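Here is the structure we will look at, set down as structure tokens.
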Amino acid sequence: MDARIYGVETEFGLIHRPAADQQHPGRGLPPDELARYLFRPVVEFGRSSNIFIPNGSRLYLDVGSHPEYATAECADLIDLIASDRAGERIMHHLATAAEHRIATDGFTGQVYVLKNNVDSAGNSYGSHENYLIPRTTHFRRLSGILLPFLITRQIIAGAGRVVPADEETQAHFAFSQRADHMWEGISSATTRSRPIINTRDEPHADAATHRRLHVIVGDSNMSSTTSLLRYGSTDLVLRMIEAGVPVGDFELENPIAAIRQISHDLTGQARVRIRGGGEMTAVQIQRGLLERVQRFVAAQGAHHERVEQILELWDRTLTAVETEDHSLIDTEIDWAIKKRLVDEVAAQRGLSLGHHRLLQLDMAYHDVHPERGLFHLLRRRGRAQEILTEQQVQDALTVPPPTRAAVRGEFLSTARVFGAETTVDWVHHKLIERPLEAVMVKDPFADRDERIEALLDKLGDRTALRELDYQERSRRGVSPALTDKYVTADPDQLPEPPVI
Ligand SMILES: Nc1ncnc2c1ncn2[C@@H]1O[C@H](COP(=O)(O)OP(=O)(O)OP(=O)(O)O)[C@@H](O)[C@H]1O
Ligand SMILES: [Mg+2]
């Protein structure tokens with residue numbers, strides 16, 4: 001596919017740390033109660049804990065206590081990364097508001113929203129990728145190539161993890177947060193069995209022509225350069241699969257054993273068995289796929305302006321793993337950015353790798369707080385590269401990308417101006433007062449829909465509204481982004497970043 005729709009869903013970890021000097025020392029709010037505080041503005045805004053907001057994305061609180069943000073449908077990788085970052089901001093704003101409310105209720109402390117994949121109790125939560133693919137893609141061929149790619153992708157896109165010692169292994173640094181929590185290669189369930197690729201068939205598009213590929217294996221990334229490599233490389237591998245070019249045989253004998261083994265061997269030299277016979281290392285599998293992608297791009301041409309950057313970073317990351325010279329990538333790839341920090345702090349303080357301060361440091365890397373979070377601190381110090389501008393992030397909070405998300409954004413914000421209630425999902429748009437006129441938009445690339453325009457025209461005169469762009473609308477409070485409306489104040493003072 002020349003153009004593709006992407007979306008990423010992120011589940012966040014939540015922690016409440018009470019202030020030391022109060023009646024309930026030691027214990028924070030239980031996670032479910034904390035999640036309810038966090039989502040109170042969401043429920044007030046949308047009368048549900050499952051809502052779509054004007055930037056086209058979805059905020060969702062399931063029965064558990066891990067709030068989720070699913071980006072709008074994006075046709076451009078930078079839009080995708082910006083929408084994902086906007087989700088972090090929204091969660092941060094909600095956390096700020098929750099902190100105030102919790103304090104008002106007499107329970108002062110700090111709320112942490114973590115964009116990671118394991119909590120201290122060992123529970124795992126996900127970062128799910130969605131790729132629109134043609135229905136004609138042969139599924140057996142797809143999984144034969146994509147599974148070994150995804151299983152080894154952690155060496156180029158893992159978020160890194162300080163692994164504490166247990167009975168069998170010493171404390172060490174691993175590529176991935178999520179690898180130890182995958183249980184199956186392919187399946188149609190997401191929570192119980194945790195497959196790498198989920199086959200549940202919900203295309204949110206014309207089911208006759210398309211599928212939505214649901215990839216469950218990735219780590220949540222903080223770094224935008226790592227995100228670019230993660231989604232960009234996956235798209236390129238998918239393009240090769242879709243084009244039907246021969247890709248070689250990398251199919252693994254035991255995907256689940258392999259994904260764990262690879263995660264815990266930072267040299268990239270752990271050997272995994274290939275189904276067709278013999279053994280290969282993660283670096284060899286990635287190199288094999290990269291070479292084929294390079295040939296494919298040389299023959300077909302680049303299909304967007306970031307392809308060259310993706311291929312260069314992919315190649316350099318593999319070299320960094322092979323040579324163990326992580327300085328080649330330690331401002332661009334999450335696991336290496338984090339490892340550099342962990343190594344430095346360990347050396348400065350004389351801490352051994354399993355020390356609880358270093359486990360905390362690992363968590364603090366994923367704190368979405370723009371000042372307190374360690375990734376963001378490193379970014380400000382030039383130790384993590386950034387491809388998004390602040391303006392792009394700000395825009396992504398309110399402006400939907402030019403896909404079907406723009407139709408949804410227009411629908412939601414206009415209805416709000418006229419005080420009309422709606423129900424929407426990725427495909428459906430309904431005005432509660434006109435249920436029989438609900439509109440289905442099956443094409444995720446469509447950024448305008450005449451039926452929706454006609455429906456909205458029935459609400460009243462939209463001339464003045466049309467003249468305002470999204471920024472202007474939100475400035476005038478016409479289309480309140482959730483965040484603008486509910487963030488009352490920034491924290492009184494910036495919190496101290498932990499440890500460093
Ligand atoms: N046609 C499409 N192709 C690819 N991605 C899509 C398409 N339509 C929507 N998406 C993206 O898929 C994601 C759907 O997220 P959502 O969490 O609602 O789905 P889900 O994981 O299948 O459902 P749930 O979380 O309820 O189990 C979003 O990021 C969205 O942008
Ligand atoms: Mg989801």
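Cβ coordinates come from backbone N, Cα and C, glycine included.
Long-range Cβ neighbours of E9 (Mg(2+) binding site) (same chain, at least 6 residues apart, Cβ-Cβ under 8 Å): E68, Y69, A70, T71, G126, S127, H128, N130. Under the DSSP three-state reduction, E9 (Mg(2+) binding site) is assigned to strand. Residues or ranges marked as Mg(2+) binding site by TrEMBL: E9, Y60, E68.
What TrEMBL lists as ATP binding site is R58, T71, W426.
Every protein chain considered, the tally of other Cβ atoms within 10 Å of the Cβ of D62 (active site, proton acceptor) stands at 13. Under the heading active site, proton acceptor, TrEMBL lists D62.
According to TrEMBL, the feature region 'Disordered' maps to 481-500.
Under 6 Å, Cβ to nearest atom of ligand 2: this is the test, and of the recorded positions E9, R58, Y60, D62, T71, W426 it is passed by E9.
In this structure, R58 (ATP binding site) is part of a beta strand by DSSP.
Within 8 Å of the Cβ centroid of the Mg(2+) site, not counting the listed residues E9, Y60, E68, the chain contributes T10, E11, R58, L59, D62, P67, Y69, A70. Each of the binding-site residues Y60, W426 was scored by the other Cβ atoms within 10 Å of its Cβ; the lowest score goes to Y60.
Its Cβ taken as reference, T71 (ATP binding site) is surrounded by 27 other Cβ atoms within 10 Å in the chains shown.
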